[in-house]
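These notes concern the structure reproduced below.
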Ligand SMILES: *Cc1c(COP(=O)(O)O)cnc(C)c1O
Ligand code: SF4
């Protein structure tokens, strides 16, 4: 069968099957992209450290034959990952310190983050999750009750952020139950869902999921994660449209990544494309300095220069807030354009 036929068949399957068929072998991904593994700076040590995982929907947006494709760069295990970069560590943002109890991160006033699952549909090489002891921390079904009790007992908590890993990897029943339980807490104003699935596995946005989210008694905010306009393909667009049309508020967060989006034109394109599909640019994060990610770093001075160029080009509401995470700080740290 041709690639084209394989793709049609693949995309006709449900999201769990599509996830099960995600690329997990370098050779298969290279074959699909018409690249030779020998022409890429692949590291087997890096691969062993953090597995390859790429859904076909995401890989399908990569340019065939381009070893420098900005989407490929986000997922390819490369030699630079095993180099030592000064200042990069296992827990750069102090998350381990902020664990209030299993599965619950309480770092900021009024907001609590739930680590619902340790897994994601895609393994992003730049992610601090690669070093995080998620298996121990994630909210199992048993621990979930205790986490909900924690929210119930702290009336200062106005918002619960479902995160991970990727919370939309929970099945519908589990998600519906969680939202139901949280909705019963009187002081809770919002549930926020941080998910990369609308972008990397849009098949997850089923009618059933939309029903669960749109029928929630508390307001739901969805923050997607997209770093480059090419990620917004013909499957992502209807998934976002469906969320949007059913009353969900959509924001996007990106990470500023060398060789992926460290360019004003690329970032402007991303903002424009997001907005044309009803998604508001929220944050542009500086890289968290997690071991294995040093080759993605963009210097702060360079980041500020890029933001200034975007500010000089786009309306203010299309300029994402440039932020960095600082261990122990009371909020994300905003980086401002120097006067
Ligand atoms: C980023 C983050 C939040 C949310 O911060 P906002 O600025 O409200 O988007 C909450 N908790 C933790 C632990 C976070 O890392
Ligand atoms: S948490 Fe987000 S950035 Fe990290 S691997 Fe999962 S999808 Fe990628």
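Using N, Cα and C of the backbone, Cβ positions are placed for all residues, glycine too.
Worth saying up front: this structure is predicted, and the values here are computed from it rather than measured.
Among the features that TrEMBL reports, [4Fe-4S] cluster binding site is placed at 120, 124, 127. Take the CB of residue 124 ([4Fe-4S] cluster binding site) and look out to 10 A: across all protein chains shown you find 22 other CB atoms.
If you look up TrEMBL, you'll see 106-318 marked as domain 'Radical SAM core'.
Residues or ranges marked as N6-(pyridoxal phosphate)lysine in TrEMBL: 332. Classification of residue 332 (N6-(pyridoxal phosphate)lysine) by DSSP places it in coil, neither helical nor stranded. Taking a C-beta cut-off of under 8 angstroms and a sequence separation of 6 or more, residue 332 (N6-(pyridoxal phosphate)lysine) has the following same-chain neighbours: 283, 285, 323, 324, 325, 326.
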- Message: List, in residue order, those recorded positions out of 124, 127, 332 with a Cβ under 6 Å from any atom belonging to ligand 2.
- Response: 124, 127
- Query: Which of the binding-site residues 120, 124, 127 have a Cβ less than 6 Å from any atom of ligand 1?
  - Reply: none
- Note the Cβ centroid of 120, 124, 127, the recorded [4Fe-4S] cluster site, then list each other residue of that chain whose Cβ lies within 8 Å of it, in sequence. 122, 123, 125, 126, 129, 130, 196
- Query: Looking at Cβ-Cβ distances, which residues of the chain lie under 8 angstroms from residue 120 ([4Fe-4S] cluster binding site) while being 6 or more apart from it?
  - Reply: 53, 127, 129, 164, 165, 166, 169, 196
